[in-house]
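*Asks:* Below you'll find the structure I mean.
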């Protein structure tokens, strides 16, 4: 449980309250873009530094910001906050059956102090994007199956086997909290604008045609 051996950091709590207010009535906060130092910093583990009221407001505002963007994950660093906290949520669309990306329902979670480790050695390479590298996507190889670990808002510990697209989302957001952007290990020759992805490559979820035409390996 959070707070058992810790006290609220009053200064940090005030800073976070100010940050939340940048979202206005709509609760949509500005998203930090690549090049800002906070995205490259190792985050601080969360251990009750915020009041529960402030933590709940932060998580709610992060979720609204994520969904409005729209996105399926948002790390605290992406709103300029160096705490080990992210939100994730994704829902399967009609017609997704058979998609090689293996999308699956991923209900909303606030993931605090998350970590993961691969299960097995299988990887998959697909296009992915980032709200902090807006307007672009690139092919990134990631583990197909992971053991995901995190704490919830109450400090309860969770461990779950994630597979396919939910595993990719969890890896992406957890990496943010260690100062990593997906582009760091992406196939750089695959980099494309969202518009060009839609025009040229969206019919090929496994990017074999893009690999051949743009000159990268899967």
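Heads up, the Cβ atoms here are built off N, Cα and C, so glycines get one too.
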*Asks:* According to Swiss-Prot, 172, 176 bind Fe cation; which one of 130, 202 is listed for that same site?
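*Replies:* Answer per Swiss-Prot: 130.
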*Asks:* Taking the Cβ of residue 176 (Fe cation binding site) as centre, how many other Cβ atoms lie within 10 Å?
*Replies:* 24
*Asks:* Report the same-chain neighbours of residue 173 (active site): residues 6+ apart in sequence with Cβ closer than 8 Å to its Cβ, ordered by sequence.
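*Replies:* Spatial neighbours, sequence-distant, of residue 173 (active site): 73, 74, 75, 86, 88, 111, 114.
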*Asks:* Using an 8 Å cut-off from the Cβ centroid of 130, 172, 176, can you name the remaining same-chain residues around the Fe cation site, in sequence order?
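*Replies:* Result: 73, 75, 78, 131, 132, 173, 175, 180, 181, 182.
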*Asks:* Indicate the candidate from 130, 172 with the smallest number of other Cβ atoms within 10 Å of its Cβ, considering only these binding-site residues.
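*Replies:* Counting other Cβ atoms within 10 Å of each of the binding-site residues 130, 172 gives the minimum at 172.
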